[in-house]
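A.B. asks: Take this structure, written in structure tokens, and hold onto it; I'll ask about it next.
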Amino acid sequence: MSITIRKIKLGELLSIFALALFLFVSLINTSFYARYISGSIYYLMTIISVLFLIVKELIGNKFNIRNLVSLLGILFVYLLVGSVTGFLSTIAISILFIFGLRDISFTYVARVSLYVSVLILLFVIISSEIGYIPNYVEVSLGRVRHFLGFRYSLFPSTIMLNIVATTLFLARDQISYKRLFFLFVSTFWLFLQTDSRLTFISSVLLLSVNLIVKWYPSVLETFSIILKSFKFTYLVNAYFSYVVSRMYLQFSNSYLNDLSIKINHFLGGRIYYANRSLNIYGYNLFGQKINWVGNGLDINGQKGLSEYLYVDNLYIQILQRYGLLVLVILLLIFTLTLHYLLKQKQYVLSLILIILSFHAMIDDLIINLHYNIFLILIGTLMNQNQSAFEENLQLDNGEK
């Protein structure tokens, strides 16, 4: 079997290096290795990654009306988000990468994310197991959660979720049973260590989809009509999240109140805290700085002493922290991206985005590029030449 390897262009090489550097420093910063990296070094490496993107744009792209409008839109959202979190925050820089990687093959992007994520996850966990960095243990209400070298127990399991989703995209029906088994064992072990139940469920769901796709390669195409019915899933889930959070224990129907209590208990109190946050802070058009207090640790392993109040629902968090305008823009962009993928019959990517739209109701971490590489797909709407996105979705030599 002949294998054709296309030469990587300079612009692609710069983009891949920039992405790898940004993902590396972002993931390392979520671990206790962050104590060995000063803030100035972290910001310097982040700035360097952005500079590589700028050089790539200067040497590889001719700016037209479409690119200019896209850039202005990205900068507008970047300024809104950066004014709240800081212009060098991971979420703000992630927005710039969405534009910078819009014309790079998503297969390359996914591979870089997969390799960096696996490398950092293994490196940090092994470092914590041998005692080089701390492995904090949290015991609360009968739950024992190991942080595994990270600053919060959800971080390693969310990285694993991104690994599982990326593997589904890259391997599809060509994945080996050995790799599927290894991914499941790794996911289950992380669940036992971190007790991250909801993220574990999402990961197992994606692994199950991968197994079904291996058995029946055309299954998603066969049931494409079902996937298309979720075209507005981001809008629906955002609205549902707001209604349930705002109306918690205030429904006129006692059955709905009882049901919301049970769901809230299953979700670890997420609805209650979202309701409380909405009552305290409300929301506005352009966002506000909110000092939520979660269970994460700082680089010295210290937890905040204030009373716990954190919003895990991504839709509610964006609404409160970044404002209604940013939420509406993101919801419309995600909806258009999903519509485009369905139109292009990219059913695996479509299903991943649909599953993540539900996962966003219980996990805010996936708004960051180092936890969710599929944010880059938003850039396909800005790319005038779609061939870069559509090429290399399948490899010729079997398993990816």
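Yeah, the Cβs are placed from backbone N, Cα and C, and that goes for glycine too.
Owing to the predicted nature of the structure, the values given are computational and were not obtained by experimental measurement.
The transmembrane segment feature in TrEMBL is assigned to 12-34, 40-59, 71-100, 112-132, 152-170, 199-217, 223-244, 322-341, 347-367.
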A.B. asks: Quick check for me: are there 3+ Cβ pairs below 8 Å between the transmembrane segment (347-367) and the transmembrane segment (40-59), leaving out pairs under 6 residues apart?
C.D. replies: no
A.B. asks: At least three Cβ pairs under 8 Å linking the transmembrane segment (112-132) and the transmembrane segment (12-34), pairs spaced 6 or more in sequence?
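C.D. replies: Contact criterion met.
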A.B. asks: When you check the transmembrane segment (152-170) against the transmembrane segment (199-217), do you get at least 3 Cβ pairs under 8 Å, counting only pairs 6 or more apart in sequence?
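C.D. replies: Stretch pair touches.
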A.B. asks: Ranking 12-34, 71-100, 199-217 by the number of C-beta pairs under 8 Å to the transmembrane segment (322-341), which range is first?
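C.D. replies: The listed stretch sharing the most Cβ pairs with the transmembrane segment (322-341) is 71-100.
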A.B. asks: Near the transmembrane segment (223-244), which same-chain residues lie under 8 Å Cβ to Cβ, leaving out any that are not at least 6 residues past its ends?
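C.D. replies: Non-local partners: 260, 263, 271, 274, 313, 315-316, 319, 327, 331, 334-335, 338-339, 342, 345, 347, 350-351, 354, 357-358, 360-361.
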